[in-house]
Every structure is written in C-alpha cells, then in structure tokens.
Amino acid sequence: MKLKQRVVLLAILLVIFIFTKVFLIDNLDTSAANREDQRAFHRMMTGLRVELAPKLDHTLQSPWEIAAQWVVPREVYPEETPELGAIMHAMATKKIIKADVGYKGTQLKALLILEGGQKVVFKPKRYSRDYVVEGEPYAGYDRHNAEVAAFHLDRILGFRRAPLVVGRFVNLRTEIKPVATEQLLSTFLTVGNNTCFYGKCYYCRETEPACADGDTMEGSVTLWLPDVWPLQKHRHPWGRTYREGKLARWEYDESYCDAVKKTSPYDSGPRLLDIIDTAVFDYLIGNADRHHYESFQDDEGASMLILLDNAKSFGNPSLDERSILAPLYQCCIIRVSTWNRLNYLKNGVLKSALKSAMAHDPISPVLSDPHLDAVDQRLLSVLATVKQCTDQFGVDTVLVEDRMPLSHL
C-alpha cells in the first residue's frame with residue numbers, strides 16, 4: 001500500500017475513533033444521568049408509604065424544627081425524609097392553641113397555631129369525593145382532599161416544591177371555638193344540628209358556610225413555610241385575564257414563548273423550566289386556576305416556583321388541555337429528569353403510587369378511583385405532547401438538562 005493511501009486510511013480510522021469515543025462518552029454521560037433518575041425514582045417508591053407515627057427516635061429536635069431546616073431555595077423537603085411520618089402525625093394531632101381567620105384570598109380557610117407554635121392552614125371539606133363542579137374549570141370551592149393528593153403527587157414527581165399537607169379531623173366546638181379569635185368566632189353559626197363557619201375571604205359569605213358533621217369537621221392542614229423564607233408573588237406568564245371577551249397574549253400568539261424567554265426571570269436560570277413542570281403538575285391534578293405563583297423573595301429567579309394552593313383540582317371535568325399545558329405546547333422544552341420520571345409512571349404506575357402514598361392519611365381514601373384513573377389518562381396526554389415536540393424539533397432541543405445542586409443556588 002502506498003504511503004499516501006496509508007496516511008488517508010489512518011486519518012479515516014482516527015476520525016472514526018474520535019467520533020466513536022465522543023459518542024460513547026456522550027452516551028455514558030446520558031446513561032449515568034438516566035441511571036441517577038432511576039435510582040431517585042426507586043428511592044421515592046421505597047419510601048412512598050408514609051405511616052403517621054409520633055416518634056422521632058434519632059433526634060431531640062421537634063418536628064417543626066426539622067421541617068423548617070428542610071427548606072432551601074430549590075426544595076421544601078429533601079429526597080430522603082425518614083421524619084416525614086412524625087411531622088405529618090404532629091400536623092394531624094397536635095393540640096390547637098389558637099385559631100384565626102385565614103390569610104387573605106378568595107377561598108375559605110382558617111389559620112391554626114399548633115402546640116409548639118407551628119402555623120398551619122386549615123381548609124374545610126366542602127364537597128364529597130365524587131362531587132362534580134360544573135362550569136368553568138376554576139369554578140366552585142377549594143377541595144381539601146385535593147391539597148393532600150397534590151402534595152403526594154409532588155413527592156412522586158420528584159419536584160419537592162409543595163408544602164407538607166395532611167388530612168385532619170377537628171372538633172369545632174371543643175378544639176376551635178375555645179381558642180378562636182373574635183374575628184373567626186363571629187363567623188360561626190348552626191345549621192340544623194351542624195356547627196358551621198364562613199370565615200373571612202373575598203368570596204366568603206354567611207349564606208355559604210362550611211359545615212361540620214355535627215361538631216366534627218374533615219379538612220386538610222398545610223404546613224406554613226418558615227418566616228425566614230418570605231414569599232414573593234408573581235403574575236403567571238400564562239395566566240388568564242378573567243375579563244369577559246379579553247384574551248391574554250398567550251391565547252392568540254403562538255410565538256408567545258419567544259417573548260417570555262427574553263423577559264426576566266425567564267431569560268436565564270431555572271424559572272421557565274419550573275413553569276413547564278408546573279404546567280404538567282397542574283394538568284395532572286386538573287388545576288386551571290394558577291394565575292399567580294410564589295417564589296422566595298429576592299431570589300433573582302434562582303429559587304423554585306413553590307406549589308402553593310393546589311385545592312382547585314380533582315373535580316371539574318371541563319379541562320382545556322391546550323390551555324393548562326400551553327407553556328409546554330408553546331415552548332416545547334422539558335427537563336430530562338421530569339421526562340424520565342413521567343415515563344417511569346406510565347402503564348398504571350402513577351395511579352398505584354398515588355394510592356400507596358395516600359393510604360395512611362387520616363382522611364383516606366383521599367381520591368376515588370375515577371379521579372385516579374383520570375390522572376393516569378392525563379399522563380398519557382402529557383407524554384403525547386412531549387412526543388409531538390420531539391418529533392418536530394428533535395430530542396436534543398426539547399429535553400433540557402438541568403441538574404443544578406439543589407441546596408447551593
């Protein structure tokens with residue numbers, strides 16, 4: 001073989017070697033990332049069932065101190081939570097030492113102070129599990145059980161951005177009225193043999209009270225985030241106008257996401273990907289009412305989008321898929337870790353995981369089977385939407401790596 005031919009052959013072999021090495025390294029990196037996602041998923045599944053138990057054997061800290069220390073800019077609670085059962089047990093059973101009207105908003109709630117000084121938000125039962133709210137997707141009252149289910153879905157998806165929630169039964173006569181403020185107490189009334197209250201909020205009316213079964217009221221309690229982490233409210237870029245005949249820009253401009261990407265805090269950092277995650281989360285629970293969202297203050301877009309107020313869900317059949325999933329439809333990007341988790345949850349795994357996670361809640365069964373089936377069906381729609389995006393723009397464009405150290409932003 002002539003020298004020139006040998007040189008050409010060696011050059012070809014060298015190019016093949018380089019491309020093969022790069023390809024293999026790239027695949028190994030991807031496989032390593034996928035393997036870590038899979039390990040995280042299996043860890044979550046292993047610790048999915050939370051048995052509410054009072055003991056914290058390995059620490060002298062109170063459950064409230066532990067929960068407060070969990071909160072960091074990118075998560076409300078860590079991946080490994082051996083103390084979760086004890087904290088939720090305390091939320092569901094600790095003595096109520098003060099009761100007041102809830103913080104301002106559109107829905108009825110009460111602010112409770114539990115023994116040890118921990119604040120929780122109590123949302124009362126307003127509907128039976130299978131009651132269907134007709135009309136707009138954001139119509140009707142909050143559903144207390146939806147808050148519980150949404151928290152466990154947050155765990156299952158690996159987001160860890162929702163405050164802790166657990167079901168609780170309270171006796172309005174013996175637990176609430178003796179420690180209630182005058183403002184809350186003035187909203188109590190009796191309907192038939194049932195004790196009721198209507199609280200103070202934008203839509204709270206004496207003619208529409210929440211009523212206990214006798215004196216015992218079912219509800220949910222949400223753990224108040226530590227005061228050292230003040231919240232900042234933001235207008236959701238894909239929020240509704242709520243004005244008759246007036247559309248938001250995203251409702252008619254298919255290139256709207258390009259404009260969002262040029263606007264702070266969506267032009268850098270994790271916030272836009274958080275918006276996409278939240279759109280998936282909201283569609284799975286059936287929430288079409290997230291017109292605002294909260295993050296921690298002064299975060300410059302680095303902290304998470306906190307999944308607060310998830311109770312307007314699991315009850316309205318009038319869901320507009322393209323509306324709730326509009327950020328995903330229009331941006332066509334999603335975290336690799338989110339995509340992997342969604343794929344692990346198909347074929348009935350999500351329904352099974354939710355049932356298992358909520359099995360020990362005091363108000364179990366939290367969701368009825370039709371609602372669990374609906375979540376599984378909506379998961380298929382999310383997967384199909386991402387598939388359309390990858391078919392159109394390619395996997396490398398749609399699936400975005402975002403593996404920032406959660407505690408060090």
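Glycine residues also receive a Cβ, built from the backbone N, Cα and C atoms like all the rest.
Within the same chain, the residues at least 6 positions away from Asp289 (active site) whose Cβ sits under 8 Å from its Cβ are Pro137, Tyr138, Lys312, listed in sequence order. Positions annotated as active site by TrEMBL: Asp289.
A C-beta separation below 8 Å, combined with a sequence spacing of at least six in one chain, links Leu225 (ATP binding site) to Val71, Val76, Pro163, Leu231, Ile306. Look at TrEMBL and you will find Gln107, Lys123, Thr222, Leu223, Trp224, Leu225, Glu294, Asp309 tagged as ATP binding site.
Positions annotated as Mn(2+) binding site by TrEMBL: Asp142, Asp309.
The domain 'FAM20 C-terminal' annotation in TrEMBL covers 191-398.
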The domain 'FAM20 C-terminal' (191-398) [mean pLDDT, rounded to integer]: 93
Cα-Cα distance, maximum over Gln107, Lys123, Thr222, Leu223, Trp224, Leu225, Glu294, Asp309, record's ATP binders, Å: 19
Cβ-Cβ distance under 8 Å to Glu294 (ATP binding site), same chain, at least six residues away: Leu231, Gln232, Lys233, His234, Leu305, Ile306, Leu308
Neighbourhood of Leu223 (ATP binding site), C-beta criterion under 8 angstroms, separation at least six: Ala67, Ile87, Met91, Gln118, Val120, Pro163, Leu164, Val165
